[in-house]
Every structure is written in structure tokens, then in C-alpha cells.
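**Student:** Below you'll find the structure I mean.
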Amino acid sequence: MATGESGSKTDPRDALETSDPSSLVPEPMPLPAPDSSDAAAPIDGEPSEAVTDASDATSRKRSGDRHSGGNHKAMSLFSRQGLRPQMLRWRRQLAAVSAMESTLQTEEDAALRKRSLALRYRAMAGEKLGVLLPEAYALVREAGRRALSMRHYDVQIIGGIALYEGCITEMQTGEGKTLTATLPMYLHSLVGKGAHLATVNDYLARRDAEWMQPLYKLLGLDVGIIQTDNDQTDRRKSYAAEVTYGTAKEFGFDFLRDRLLLRAQNRLQTEMLGDAGGGFSDGGDQPVMRGMHFCLVDEADSILIDEARTPLIIGSIEDTVRDQIVETYHWASKHATEYELDEHFEIDPDTKQYELTARGRQKVRSLPKSDLVRTMGLVDMYEYTERAVKVAREFLLDRQYVVRPNDKGVEEIVIVDEFTGRLAEGRKWRDGIHQAIEAKEDIEISVPTGQAARITVQDLFLRYPHLAGMTGTAATSAREMRKIYRTPVICVPTNKPPQRKRLPDKVFGNMMAKFEAIVKEVADVHATSRPVLIGTRSIDKSEIVSRLLTERGIQHQVLNANNVEQEAEIVADAGLANRVTVATNMAGRGTDIKLADAVEAKGGMHVICTELHDAARIDRQLIGRCGRQGDQGSYRQYLSLDDDILKGGLGPDKAEKLKSQGESMTNSIDSYAAKFRRAQRKVEKKHFRDRMVLMHHEKERKKMQREIGQDPYLDTPD
Ligand SMILES: Nc1ncnc2c1ncn2[C@@H]1O[C@H](COP(=O)(O)OP(=O)(O)OP(=O)(O)O)[C@@H](O)[C@H]1O
């Protein structure tokens, strides 16, 4: 098929055909050509230009509260003058990275690991990461070459520098975001506070982490993977690793659970009165996260914009966790009297702390346990045991406490004030002692149930002092990203010039006429054995297309974003010869579609867009499925006068009028295409405004709550 004229000159998608990524962002600025004086090397592959809409991205990095006035200052630095020095600096850093390559290539693996360790010491001693960047990136590049047989391209190094500096980088589909991510993840991990990578689902978190693991391992780093069904012990271990891959959702829930737990423990402490020596350093349950330092968000547009307002809510400490705590208290109490002083435990004469001996710990391990107790983790079991032994020996019924029914008739522990001998109503021992006594007396254990906690995805990421993101399509959301997250958006050029061809839009009077034309085009392309991918806006429309294809005898696969893992496999094969795949735009996202060799020679994959999405970005995600990594490919947009986008963009009256016109139309109306783009821009603007209003209300609510001493994440209005 030949390249046709484009439907609309201002369509941002036109930019995809050019090798000049500057057209993807507002007010493009060319990358200055390297000259001998700055020792900057030319970037390998295509790019003679890289573009940013940001000035000095480093200026937005915060060391503390993102909401402080400092950010506004950073915003004022967004100026065109700021661009040139930034790009020059990045190219100079790239040159420095490349300069180390030949030396590192001659070194043994162990020497690389030693260098990595030395970098960690320097970072932890306070040396600036920017200074360590060239060596760190050179090491990661070499580790990639050795462990994965993938050497980071120059454009990936540039992307990695931008990510380190807190940008959202737009990298087209198939350009290797997964490998690029290893650069800032490694560098930020050096300070020892962890680095998180947030993906859209469990499957991608696991797949990417396992794929990149050999690289990290070569440099002496552990990789943690958070999965929805992980217990607290596994999570704690994963967060303790230098780099941790997980989903935004799990990071959010862990943050909330930890916050609930800390609050519950604090409350116990502040409510503590009659201490009676019950002071353990911490309770059996501890937070799983060790802070939030750096987060790299994959598919940043989906997570940071589309899902920004999604609230993550937990009603209470999860029932299973609660049951686990209760059962462990009972288990520890049941065996408490079996431990002998000196043989199984010792008492520190100064602090009066109980500590298990090696034999005591061995006993803990050998005792029978239920499944729930077993998942608690050994360290926790030791602590529960030490506490139970202490309670069995030192806390006596009718001396330090009595058991009495409260006004609801439920039996509870009431402390006897050791000085006055009176009952101290409402007081509680801290650090799990009170609960251990409840277990001893076999009455209901008052584990804090937690309370409703809520955080939006947006708030979650705003809590990270260092945030960066990667996406195939961020340029059209640049303004929003900058406004909300203070993250500049930069376009990273492709490694090879793109060869994707845009065919002219086709407009039809109604949906069925459109779908019939689509199926005819599928049949034509299919006859050449090129693969075809058809993207729809919804599952029911996928089904209509599928039915029509079946009627024409065209074999095909249908995907609709239900089974992530299985779909990823089908999408990965969508580039094979003769494949026809029908998918909602979002199905199988994050999965690379590789072309079969024979297909490339015939013109690559053909993508058919059946309708405009509310956000142009989603359309571009679909289009980006073809012509990846300089492959051949083509795409065409189909439209009809009853498309939803017209109702949203032009209003119901105008849309209805067009629709009734469409019923009787038989001639070509392709010139109407511009109306659809206009409607899409209007819808995008409306959504943007709505999100801003919501954000403003949320901000006000949080401010008010803080003023009255509430926690905006835990004291949530229903
Ligand atoms: N430096 C490199 N050297 C060799 N191969 C590479 C390199 N970088 C990436 N690749 C290959 O490019 C392909 C695409 O990588 P990846 O899946 O990370 O792309 P992506 O940008 O995440 O795409 P998508 O938008 O589909 O998620 C992979 O098969 C990977 O092996």
C-alpha cells in the first residue's frame, strides 16, 4: 500500500511519520550539534535531534515535601534558554559513559561488582549521584551487554539520564523501555533507600524484573518483586532489595497498610500508662516498606493521568493479617510456660528485656504451628514468644490486672494501678503486652482493626521525593504532567528512523458501513499475508468486528484485556505472517510485538483504528504497535458519523444531526475527518479541566484535615 495524504495537518499523529521527534512536543527545540569543545559524542543511530519541553529538570528535584514552595521556583525555570545547556550536558554525560566502555569491557565480572560496591559506598557517603552517573551508567551498559546480550543504545543512555533527572520520557513502542529503566533504577538504588518500578499489572512487574535480574545481579543488586498474593514477610523482603518491581496499586496498598499499622502502634504507645516494664522495641507486626525514595513509573500516561484519580482503599487491616496476629498471640501464649530461664531465654538485668537463646529459638522453630502462624515469619514468632514468656512470668491476674466484663458484657483486661491499687479504666499496656495478656486469659484479643484508609494514585506518587516515568505517548499530556507532578516531558528519539506509513482516514455514514469497509481492508491486506491488528474502543465492538470477520472466513484472535498473561502471549505473536488480531486499544499493553522476518519484507504490520478514543494518546498507543524499531508498517483511521467522540466533543444536538445525515449518505465523506479531530481535542480539554477541578478539591480537603490534626489518608470521609 502506498502512503497517502494525511487527513489533518495539525494531527499530532503526523509526527509519527517523521524522524524528527520534535514535532511531538510543543515548542520544539533542536538538540545542539556536538562540537569539539564540549567533547560530546554524536548519538549512535538516527538521532541528530532530541527534544525537550523542559528546562533544567534537576531543578524540580525535591529533597522533601513536594508541596513546598520550592517547586514553584522550579516551574519558573521552564524557559527556552534553559534547554540548550541541559541537552549539551546530557550529551557530555553520554560521551563520558561511552569513554569508559573499552576499559570496562576488559574487566572481569568480579571487578565490575567491586566497582559497583565502591559506587555504593561513595553514594552512601554523600557523594552526588550526578557525579557518579557516568561510571554507574557505563557499568549498567556493560552488565547489560554481558548478562542480557543487550548493550544500551546511546538514545537509551540519554533517556536514562533524563529519567534520573526526574523527567517523563516518551519512548516509542519497542524502543526498549525495560532496559532503559535499569539505568536510573541502579543509580538511585545506590544511596541505599531502595528504588521502585511501578508497572500496570503483576504480570509485567514479574516479567520485567525477571528479565532484567541477571543485569542487576552482575552488579551485586537484589531484585524484589511484589505480587498481589504475597504475604507480609515476602513483601518486606522484596522491599528490602535494592530495586523493587511492583504495581502502583500494591505500592499504594502497602503504603496504607504500613500507615495504619504505625498509627495503631503509636496509639498504643500514647495510651500506655501503667508500664510495668512491658517495653519491647516493636510489636510483632512491622511495616513492610522502608520508605519511598525513587519511583520510576512505566506506562506513565496510563498510571499518572488515566488512573490518577483512582482511589486505593482499604477498610481495615486485612482480615487475614488480623487473624494471623490473633492466632500467633494464642499460639505463643499456649507454649509460654514451656520455656525455661537460662536454657531457652535470658533476661537482661538492666533493661529487663527477654531474649531467646539459640535453644529457645530452636524450640520455637520445632513447635507445631498452624498455617497462619507459619506465614508470620520467624523473627516475628520469636518476638511473640518472648512477649508471651514475659507475660506468663510477670503479669499476674488480680495483681497487675483483673478480668472484668465491660458495659457490653465483653470480658476485658483492666489494669490495676500499681501505686494506688485502683482500677485504671481504659488504660492499655503497650507493644503487644496487653494483647499477650488477653491471649493468656483467653479473652478476645484487641488487635487494632485499623480503619478506612485511602489514597489516590496521584497522591501516592507525589509522596516520592524522586519521581520519573516512561511511556510511549506522553507528549500530548506534557502540560498536565508538568502541572500535577512537576515532571517535564522529553521525547527520546528512536534508535532507528521510523518507517511507519499513515494511510488517509476514511469516514462513513454509520458504524456498520464502517465495519464492512474495515473487514474488506483486512481481507485485502490478509491476502498478502501481512499481519493485521484491529483496535476497538470497547469489547462489544471487538465482537462485532469478530463476527464480520468470521462471516468472511477470516481466521483471527480476539483480545479484550481480561486475561493479562494469556493475552500478552497472543499479542506477542500478532506480528507473525497471516495473523489477524482484534483487540481493544488497551489489550496486551506493555507487550512487544515482534515481526516475523518474512513480514518485514512485505511491508510489516498493518494497524486499523476503528474509532477515535477520548484521548489521542490511546490512539497513538495502538498505532505505535506497528513500525517499531525502524520496522516497516502502516495504519489507517476509520471513522463514522455515529462515533461516540462526536457526541462528547460537539454536544448531543450536533452529533445527532450529523448522525441522521450519515444515515442517507452514500458518497465519500472523508473530508469530514477534521471534525473528528476537533471533537477529540475538545473532549481532551474537558477531561483535563475536570481532573484539575477534582485535584483542587482534594487539595483543599487535605489542607483542611491537616489543619484540624487529621491524617488525610486515614481519617477519610466516606
Ligand atoms: N539495547 C538493546 N539491544 C538489543 N535489543 C534491545 C535493546 N533495547 C531493547 N531491545 C529489544 O527491543 C525489544 C523491545 O523492548 P521493550 O519490550 O522493553 O520495549 P518497550 O519500549 O517497553 O515497548 P512497549 O511499548 O511495547 O512496552 C525487546 O525485544 C528487546 O530485547
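Cβ coordinates are placed from backbone N, Cα and C, and glycine is handled just like the others.
Because TrEMBL annotations are produced automatically, they should be read as predictions rather than curated entries.
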**Student:** Since TrEMBL lists Gln156, Gly174, Glu175, Gly176, Lys177, Thr178 for ATP, which candidate among Asp573, Asp592, Asp597 does it give for that site as well?
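**Tutor:** Record source TrEMBL; matching candidate: Asp592.
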**Student:** Tell me which of the binding-site residues Gly174, Gly176 sits in the most Cβ-dense spot, judged by other Cβ atoms within 10 Å.
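**Tutor:** That would be Gly174, with the highest Cβ count within 10 Å.
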**Student:** Can you give me the same-chain residues 6 or more apart in sequence from Glu175 (ATP binding site) with a CB-CB distance under 8 Å?
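**Tutor:** Val155, Gln156, Val492, Thr494, Asn495, Arg628, Gln629 - these are the non-local Cβ neighbours of Glu175 (ATP binding site), listed in sequence order.
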**Student:** Could you find out if DSSP has Asp592 (ATP binding site) as helix, strand or coil?
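**Tutor:** The three-state answer is coil.
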**Student:** Taking DSSP as the reference, which of helix, strand or coil describes Gly176 (ATP binding site)?
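**Tutor:** DSSP assigns Gly176 (ATP binding site) to coil.
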**Student:** Taking only same-chain residues 6+ apart in sequence, whose CB is under 8 Å from that of Thr178 (ATP binding site), what do you get?
**Tutor:** Asp208, Trp211, Met212
**Student:** Counting each residue once, how many in the region 'Disordered' (691-718) are helix, strand and coil under DSSP?
**Tutor:** 17 helix, 0 strand, 11 coil
**Student:** Which residues does Asp592 (ATP binding site) neighbour through Cβ under 8 Å, counting only same-chain ones at least six apart?
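**Tutor:** The list for Asp592 (ATP binding site) reads Thr173, Gly174, Ala572, Arg628, given in order along the sequence.
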**Student:** Around the ATP site formed by Gln156, Gly174, Glu175, Gly176, Lys177, Thr178, Asp592, which additional residues qualify by having Cβ within 8 Å of the site's Cβ center?
**Tutor:** Met171, Thr173, Leu179, Thr180
